[in-house]
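Step one of this worksheet: look at the structure below.
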Amino acid sequence: GLSGLAQKLKTHLIHGLSGKDADLSIRLAAFGRNEIPPKPPKTFLRLMMDALQDVTLVILIICACISFALSFYHPGGDTFEAEVKPKEANVEWIEGAAIIIAVIVVVLVTAFNDWTKERQFRGLQSKIELDQKFNVIRENSVRQIPIKDIVVGDICQIKYGDLLPADGVVVQSNDLKVDESSLTGESDLIKKHESRDPFLLSGTHIMEGSGKMLVLAVGEHSQTGMIFKLLGATKEEEVTTDKKPSESKNQNNEIADADAKERLIKSGSAKGMTIAIMTVLVLLIRFSIEEFIQRGERWNNKYWSRFVRYLITGITVLVVAVPEGLPLAVTISLAYAVKKMMHDNNLVRHLDACETMGNATAICSDKTGTLTTNRMTVVQIYIGEKHWKNVENPNKAKEIVVPAKTKEIVFEGIAVNSSYSSKLLPPPEREVLAKQVGNKTECGLLGFVGVLGGSYDEIRTRYPEERFVHVYTFNSGIQGTDVAKEASDIILVDDNFNSIVKAVMWGRNVYDSIAKFLQFQLTVNVVAVFCAFIGACIVKESPLRAVQMLWVNLIMDTLASLALATEVPTEELLTRLPYGRTRPLISRTMMKNILGHAIYQLGVMLFILFAGPTVFDMDDGRPVDSVFKPSEHFTMIFNVFVLMTLFNEINCRKIHGEQNVFRGIFTNPIFYGIWVVTFVVQIVLVQYGSVAFSCVALTFEQWMWCLFFGVTVLLWNQIVNLIPVTHHMPKWGAGEVYEPNSPVDLGPEGQSRQGASLTKGQILWLRGITRLQTQ
């Protein structure tokens with residue numbers, strides 16, 4: 001029986017183990033430690049290979065190979081090529097090299113982010129495991145020890161809400177019921193008793209009652225450990241891949257959100273492919289008509305160089321059209337939010353939870369504790385058949401006289417029903433206060449007994465624990481249970497409701513950051529693609545050279561993802577309603593901004609393309625015999641486009657129609673640092689880029705004109721904001737969303753005064769007056 005089993009394991013069913021280091025070391029050597037060794041982390045090379053699986057990068061690699069290979073194909077027989085190539089030093093290979101370099105940069109950044117995220121998670125997981133403690137009986141006293149320190153032979157106290165850390169057998173059962181669905185798939189609760197079905201398995205949850213358990217197997221030898229060994233996986237690996245079973249409640253939302261981003265990338269790729277094919281076809285048809293029909297020329301191998309140039313133009317249009325910066329922006333935004341949320345006392349267990357918090361429509365809290373200042377205050381007292389009101393002032397406590405018999409009953413009730421499980425953890429460094437861990441509520445009650453002159457040690461001596469072995473007990477509302485912690489996405493480190501508010505702010509900020517970057521990048525892509533297409537159709541060449549477009553698309557978008565994805569949240573985020581689950585990635589307001597700025601920038605660039613030589617007194621760069629030669633005309637087009645893009649980046653900091661786009665710009669040094677660096681690099685490219693970037697140095701007057709067109713983008717943004725958003729405005733996605741331009745006035749019970757026109761799920765409301773508490 002149990003006594004014989006305890007004797008074989010050299011333990012005591014009531015007093016537990018001796019707790020001596022020598023005895024614990026022998027048990028660790030014989031039965032192992034209560035932990036499953038994690039698999040080694042992925043190498044950096046493996047992470048790079050994973051990053052190369054991205055569809056966008058595959059397209060870039062194909063473009064790089066084609067562009068780089070074709071740049072060296074120059075058949076003889078073309079007198080024009082023979083005259084131009086020596087002068088231009090044949091720098092076409094730069095196009096392919098630039099794409100290859102861009103792919104390497106994206107792969108390295110993505111792999112580095114994944115590597116950092118994995119290391120960060122392993123550190124967070126270690127912290128979570130260190131914080132997970134369990135009550136064991138050693139030397140006839142209850143101790144809280146880390147789960148990994150539990151050994152075979154320990155007597156564990158188990159109660160409602162616990163996640164069993166090891167296999168064992170029931171020593172004492174007080175109406176104990178266990179949920180074994182994680183192992184058997186059966187949802188019915190299993191009753192456990194000393195004589196009937198006494199075996200308890202790790203990974204199962206205590207759903208009712210309480211009791212004690214004798215540990216028989218730990219770590220890899222437990223039921224959970226054997227399952228993981230059979231699967232060839234570990235808990236560490238399972239979480240790093242973000243596929244924990246506890247995430248199933250959010251799985252549909254995450255899949256839908258990921259599908260929306262994937263659809264956006266595929267949509268951009270499809271539209272880019274269409275325009276690229278149209279560009280190549282228009283160039284080929286126009287060239288064939290002019291050469292073979294109008295001039296009556298016959299086919300010659302010299303024409304291959306023209307076809308190759310047209311193909312490179314089409315490939316470049318395709319490269320520009322693909323929003324390859326979106327995955328990078330999402331990763332940077334989430335990783336930045338996780339890091340900053342740690343400073344706000346939010347321990348993120350699942351990365352996607354940051355973005356999910358932006359969609360939260362209700363914050364539900366349990367009934368114990370306080371919501372705001374993390375301190376409980378007595379406001380009324382009912383004791384000794386008397387009701388005392390208005391006792392907020394501590395000085396009034398002296399006026400309350402409690403009968404001695406009542407105090408004795410209170411002392412006995414607190415002393416018998418409270419477990420003293422508290423200790424001080426040594427400070428991690430000097431000049432840091434020690435941290436007290438344990439059950440704050442029960443320790444506080446025992447301290448209350450001592451303050452009133454009672455002695456809970458004497459009372460507990462009069463009522464030994466053995467007398468309560470067969471007492472039928474009730475449990476209700478245990479705070480911070482292992483069930484709740486296991487299902488949590490974010491853990492509050494300081495146990496304060498204000499941290500939940502900050503988590504919501506960061507969640508909405510992540511969503512806004514991604515939206516800001518999308519608005520910026522799609523505007524750049526639309527302008528660059530259509531400018532290349534229109535220019536190719538009219539002047540036989542794109543006004544923007546391939547290397548110039550790659551600089552705009554790959555380098556600037558990568559920098560923009562870092563700049564726009566690191567904006568800090570503001571209190572204004574809380575005045576708006578939460579984003580709905582079905583909210584499109586690109587709303588009507590964003591679509592208005594994208595189309596409005598794209599039309600303006602295209603108009604400016606076409607104006608310079610056709611009227612620039614006359615207005616600004618410069619040589620026309622459109623003649624065929626000078627298309628491949630850098631000119632002031634085409635350099636000014638490139639410079640104006642980059643400057644308009646840079647100033648539009650400032651506009652994209654605000655996506656809800658705000659007039660002051662400069663507000664809070666200096667709170668993000670990453671943004672204005674990247675902006676200034678990009679501006680300086682653009683000056684260097686234009687003034688000293690020479691043949692490599694198809695540029696010639698511009699005069700001071702020409703630079704002032706370029707700067708003028710760039711600044712007017714800020715003024716144009718004010719006009720675009722005045723355009724009303726109608727339901728006829730297109731959007732990408734599904735579902736409706738309310739986009740307020742002013743703070744929402746929440747009435748009684750959290751109901752919006754505009755509630756008559758709002759749909760269900762669009763109102764943020766708060767329930768309860770207590771906090772979520774983990775102990």
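Every residue gets a Cβ built from N, Cα and C, even glycine.
Annotations in TrEMBL come from automatic prediction, not curation.
Sequence annotations record features per position, and here TrEMBL assigns domain 'Cation-transporting P-type ATPase N-terminal' to 1-72.
Under the heading transmembrane segment, TrEMBL lists 55-73 (among others).
Sequence annotations record features per position, and here TrEMBL assigns transmembrane segment to 93-112 (among others).
The transmembrane segment annotation in TrEMBL covers 270-289 (among others).
Look at TrEMBL and you will find 309-338 (among others) tagged as transmembrane segment.
The annotation transmembrane segment is assigned in TrEMBL to 517-538 (among others). Here the transmembrane segment (517-538) has long-range neighbours at 264, 268, 272, 275, 278-279, 282-283, 286, 313, 316-317, 320-321, 323, 325-326, 329, 333, 544, 549, 552-553, 556-557, 560-561, 564-565, 585-586, 590, 593-594, 597-598, 601-602, 605-606, 609, 641, 645, 648-649, 652, 655, meaning same-chain residues at least 6 beyond its ends whose C-beta is under 8 angstroms from one of its own.
Per TrEMBL, transmembrane segment is recorded for 594-613 (among others).
Per TrEMBL, transmembrane segment is recorded for 633-650 (among others). Tertiary neighbourhood of the transmembrane segment (633-650): same-chain residues 520, 523-524, 527-528, 531, 543-545, 548, 552, 556, 560, 563-564, 597, 601, 604-605, 608-609, 612-613, 616, 618-622, 661-662, 665, 675, 678-679, 682, 686, 694-696, 698, 702-703, 705-707, 709-711, 713-714, 717, selected by CB-CB distance under 8 Å and a gap of 6+ residues from either end.
TrEMBL lists 670-690 (among others) with the feature transmembrane segment. Residues 551, 556, 559-560, 562-564, 566-567, 630, 635, 638-639, 642-643, 646, 649-650, 653, 696-698 of the same chain lie 6+ residues outside the transmembrane segment (670-690) yet bring a C-beta within less than 8 angstroms of a C-beta in it.
Sequence-distant contacts of the transmembrane segment (702-723) (same chain, six or more residues past either end, CB-CB distance under 8 Å): 592-593, 596-597, 600-601, 604, 616, 618, 632, 636, 639-640, 643-644, 646-648, 650-651, 657-659, 661. Annotation comment: TrEMBL describes 702-723 (among others) as transmembrane segment.
Tertiary proximity for the transmembrane segment (594-613) is limited to same-chain residues at least six positions away from its ends with a CB under 8 Å from its CB atoms, namely 519, 522-523, 526-527, 530-531, 534-535, 539, 543, 586, 619-622, 633, 636-637, 640-641, 644-645, 648, 651, 709, 713, 716-717, 719-720, 723. Mean predicted confidence for the domain 'Cation-transporting P-type ATPase N-terminal' (1-72): the pLDDT average there is 80. Using a Cβ-Cβ cut-off under 8 Å and counting only residues 6 or more beyond its ends in the same chain, the transmembrane segment (270-289) has close neighbours at 306-307, 310-311, 313-315, 317-318, 320-322, 525, 529-530, 532-533, 536-537, 540.
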